[in-house]
Amino acid sequence: MTQQSILFIDRDGTLIDEPKTDFQIDSLEKLKFEPNVIPALLKLKNKYRFVMVSNQDGLGTSSFPQADFDKPHNAMMALFNSQGIEFDDVLICPHKPEDGCDCRKPQTKLLQKYIERELFDPATSFVIGDRATDVQLAENLGIRAIQYHPEKMNWDLIAEKLLGESVTNNGDRTPRYAEVARKTKETDIKVQVWLDETGVNDIKTGVGFFDHMLDQIATHGGFRMNVSCKGDLWIDEHHTVEDTALALGTALKQAIGDKRGIARFGFVLPMDECKAECTMDLSGRPFIKFKADFKRDKVGDFSTELTEHFFQSIAFTMLATLHLAVEGDNEHHKIESLFKVFGRTLRQCIRIEGNELPSSKGVL
């Protein structure tokens, strides 16, 4: 049987809203669809098969009677079907965490048929869900995850990533693409950058938090990239982070090309619980001013001191003038906001606005 591209999709908190009071959808009044989930699935259905995978704690017990579950669930399925959205399977684990079953996500027993018969293509199948257990399920299946978030990764963005839609009005220009391979005694790196399309980024450096940060650059930069790095992580992550930045900066510089028609300048000032600022000029003159105070040495498997070093390396290989600053209390969020704001600013700089070189000197 031919392997298929399958989306294994969580239900509560992903397809429909999950009540924060009791985390149960046990009445029609609680049934609320996530924004734009139906238009997104309609776009995706010609490319992917859908399988619903859900944990429903205590389903069929006095704490969550089957009849209370069935009414809103059947209404949800009927609405999906009426709009032309069909799920090949609806797989539900009724157990609680303390039951110790092997079918509760992130365990894979619910998907045993798909694993044993090799029904899904690992290269083109994904788990979509809002929880860390969904991400872990994807890892256990050997596929990639997209973690749903109503703002940061909503259904519009998910459809955009999975369909790889063109995001730049590039006219008759050749699509801006670059590929860089960099091999040293410490690292073996390959970077591919597509500046004029979005899609799922395939990023594997061996440093989980760093992978997540690189994905933020591409996602908020409005482009697609693949990054593969095999580094000397048995020593530490320094060479991996530094050399990846050098390779990525080189790839971005090559993909941008002669800079004719680009906006060149960018400025972003987002305000969350962290205040992150970024200004950028693709000037051809490398410079960085970085202001951040980290109170922890590590976030996950990533050394916080490498944050500045990453941006310094990428600025100098891109030949960009870069100013970055962040304030806040949560170290994870501070670093993440820097990568996001860098991506957002880069998005402005590489935007095509015409055909002129944005410099009075006639050269950049």
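One is the number of the first residue shown, and numbering goes on along the chain from there.
Just so you know, glycine gets a Cβ as well, placed from its N, Cα and C.
Keep in mind it's a predicted model, so treat the numbers as computed, not measured.
According to Swiss-Prot, the residue from Asp102, Asp121, Asp130 that belongs to the Mg(2+) site alongside Asp10, Asp12 is Asp130. In this model, the region 'Imidazoleglycerol-phosphate dehydratase' (176-364) carries an average pLDDT of 91. Listed in sequence order, the residues Asn55, Pro94, Asp99, Asp102, Arg104, Gln107, Lys109, Leu110 complete the 8 Å Cβ shell around the Zn(2+) site centroid, once Cys93, His95, Cys101, Cys103 themselves are left out.
Each residue contributes its Cα atom, and for Cys93 (Zn(2+) binding site) and Asp12 (active site, proton donor) those atoms are 13 Å apart.
Apart from the site residues Asp10, Asp12, Asp130, the chain places the Cβ of Arg11, Gly13, Thr14, Leu15, Glu18, Ser54, Gly129, Arg131, Asp134, Tyr148 no farther than 8 Å from the centroid of the site's Cβ atoms, the recorded Mg(2+) location.
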